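Q: My structure is below; once you've seen it, I'll send some questions.
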Amino acid sequence: MGSLFRSFRRDAGATAPSVGATPAKKEPPPPPMTPLEKMLQDMGAIREDGSDKFFGMENYGNTCYCNSILQCLYYSVPFREAVINYPTRTPIESLTAALAETLRYPNPNAHLEAEAQAEKQKAANAQRPGAPPNQPQKPEDKDSPEYKKKMALQTFPLLETKNNAPSYGMSESLFTSLKDLFESVVGSQSRIGIVRPQHFLDVLRREHEMFRTAMHQDAHEFLNLLLNEVVANVEAEALKQPSLERSLPPAESSESVEHSGSSGSKTPNTTRWVHELFEGTLTSETQCLTCEKVSQRDEVFLDLSVDLEQHSSVTSCLRKFSAEEMLCERNKFHCDNCGGLQEAEKRMKIKRLPRILALHLKRFKYTEDLQRLQKLFHRVVYPYHLRLFNTTDDAEDPDRLYELYAVVVHIGGGPYHGHYVAIIKTQDRGWLLFDDEMVEPVDKNYVRNFFGDKPGLACAYVLFYQETTLEAVLREQEQENMDPALATTETNDSLKQNGFAQSPALGLVHSASQIPSHDEPHRLNSLKRAPTAPSLPTHYEHTDTNSAPSIPKPAMAPPVPPIPETHSMPLSPKKSDLQSRKERAKEEKERKAAEKERERQRRKEQEATRKEQEARARENQRREDAELKAALEASRASKADEDRRNQEGQKDRDPGRSGHGLSRLKRGSKSFSHRLSKDKDTRVPSSSNPGVPDPNSPPLNNTVVTSEHQEQEQQPPSDQQPGASRLSKKHNLNDEERDANKDPKQDKPGHGKWRSFSLRKKSLGILS
């Protein structure tokens, strides 16, 4: 028994650590696998073309515009092959030797050291005299993009590029730095990592002053500049090499051509590969409406910029791009056939289609009221496959089919700030999200979340389409529909910790976003340094829950990302509330500044409108005064004319006219005597004459004429009637009345009135 206890004590002493000895350290747990690492677990050997490399790019402060465009160009297979093969392809042995110096593997325990440092910092902050006691500290969200980027920098291989232009036989330029970048990724023995494009940025800032500042830059402008710089550098180097090409033997030259053709480039020294990939030809057709002659003018393009309309699509935008435009008024067309300015119709059509079509959606528009650029959040739908219809009749391959392979997304409220990310379709692994240092797989439907109508500030800005065939499209669709259950399982496994395509998680995040005091500040705060799409797309995917019926809901478990996001707020309410108040105060300040600016512009417009109305009122008043003055002048002139006519009427009634009347009476007396000779047998006393008017009653013209005519027929001869002289005068007046009845001037207004009045007056005078 004693020996048994001694052996047990001896064994216990051997196993128990001594007092002065240090305990053995446990192996540190490996860092958790990222969704990208899980996706690449079943991949085979590394390829030599670099199509299976998925490297992020470090952001040096507002360089996301450069990272997103470089990623899109790298995953364009023909462009990557052309860059690597010009002027010659660097041997893989040389690349491996160079990468041995530039590729650096970080400490695998760096994440543990970072966590320990964070704990020490937290303890130091708690021991400060000014720190409030027992204040809960907000734990770091391990599913946030910022944390993932930080961990990627600490755990992934870091690849730095150096100037290898002498090995290419070229001088250092933007093209050689781009070639260094692509060759470093292709020659790396690791599938994942982070590239440091510091050398590329140094060359870019050295040659172009506009990129030397840390200001927010435009990704489309950088794309256009980069393509033009590559063309210029390649053509400049080609001019230096004709003597070298002529010195090469014909056999060696043909051998180099065949080798380059097998590696993906047409010739090692060709300078047209950028034009063949990105360049297209636009034809401007102008038809004169006078002579109907059509004139054409061709121009090349490296990308197409299209205007946007609300609730439209890329197809409708292209249709508007090629719509007929009327050239009239001040914008008339000078027709050479007519020899002058004429009205015309103008339209733009595509004559030669590029192999890679870069579509720039013009999201930024200058507004007159704000006097600055403003972002348009219009809904513009872009398809996975596109066929252009606005081509000329003689276009080369007008039925070319394109497939979408990359989307550059702008996240932000305006053109002067924000963030760029790229969503790219890889050759074998589907769609990936490239957000600076972070690379994560996403679902195919995730690409549809940036039409511009979803909540948030993320919108598609540049679309990259590459040529494809109908057979390839059908083969891809068959592959997608071949085994939906297997595809669903793989998607759930690879995206379990990503949170992009999980409908239940999106519902949780979407419900949390309804709280304005927490979600809105976090969403706006993500734009400060490097806002990414993982938090924003969760809002977008919520509306696309029904768009993926192939994923069964029971097989999808709630992912990890939304859990810390929903529970992190109540863990540290004071700190989060303080941060929220600061952000809300900043947002309120910006909003008030914008409101003041809008109010100032509104007052300015109102003042301009008021001045315009006053000027218009003064002009109307002057016009009315002029019209009134003209009316008064016309009235005075008419009054003078009326007075002159009255005076002439008075002259007609003066004694001078009576003489004229007597002469007329004399002529009438002759006719009266002539009538008396015919009516000798007719004798009627004057007292019985019914035609004598009553002096007390005003006679009418017709009455006077009728009565006097009867009297004229019944009047006895002048030698038997004592008042023959009076009757003679009276019959002379009757002759005047008959002449007046025959005169057409009697129907004129005013003329007959005065004559009837004079006849009545004279008749009464004779009777009296």
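For all residues, glycine too, the Cβ spot is worked out from N, Cα and C.
Annotation source Swiss-Prot lists region 'Disordered' at 1-33, 114-146, 242-270, 515-768. The domain 'USP' feature in Swiss-Prot is assigned to 55-468. Under the heading active site, nucleophile, Swiss-Prot lists Cys64. Annotation comment: Swiss-Prot describes His419 as active site, proton acceptor, evidence class sequence analysis. Positions annotated as compositional bias 'Pro residues' by Swiss-Prot: 551-564. Among the features that Swiss-Prot reports, compositional bias 'Basic and acidic residues' is placed at 574-657, 732-750. Per Swiss-Prot, the feature coiled coil maps to 574-633. Residues annotated as compositional bias 'Basic residues' in Swiss-Prot: 663-675, 751-768. Among the features that Swiss-Prot reports, compositional bias 'Low complexity' is placed at 713-722.
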Q: About how far apart, in whole Å, are the alpha carbons (Cα) of the residue listed as 'active site, proton acceptor' and Cys64 (active site, nucleophile)?
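A: Roughly 7 Å, rounded to the nearest whole number.
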Q: What count of other C-beta atoms do you get within 10 angstroms of the C-beta of His419 (active site, proton acceptor), across all chains shown?
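A: A count of 27.
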Q: Summarise the compositional bias 'Basic and acidic residues' (574-657) as counts of helix, strand and coil residues per DSSP.
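A: Each residue of the compositional bias 'Basic and acidic residues' (574-657) counted once, the result is 82 helix, 0 strand, 2 coil.
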Q: Going by DSSP, is the residue listed as 'active site, proton acceptor' sitting in a helix, a strand, or coil?
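A: Reduced to three states, the DSSP call for the residue listed as 'active site, proton acceptor' is strand.
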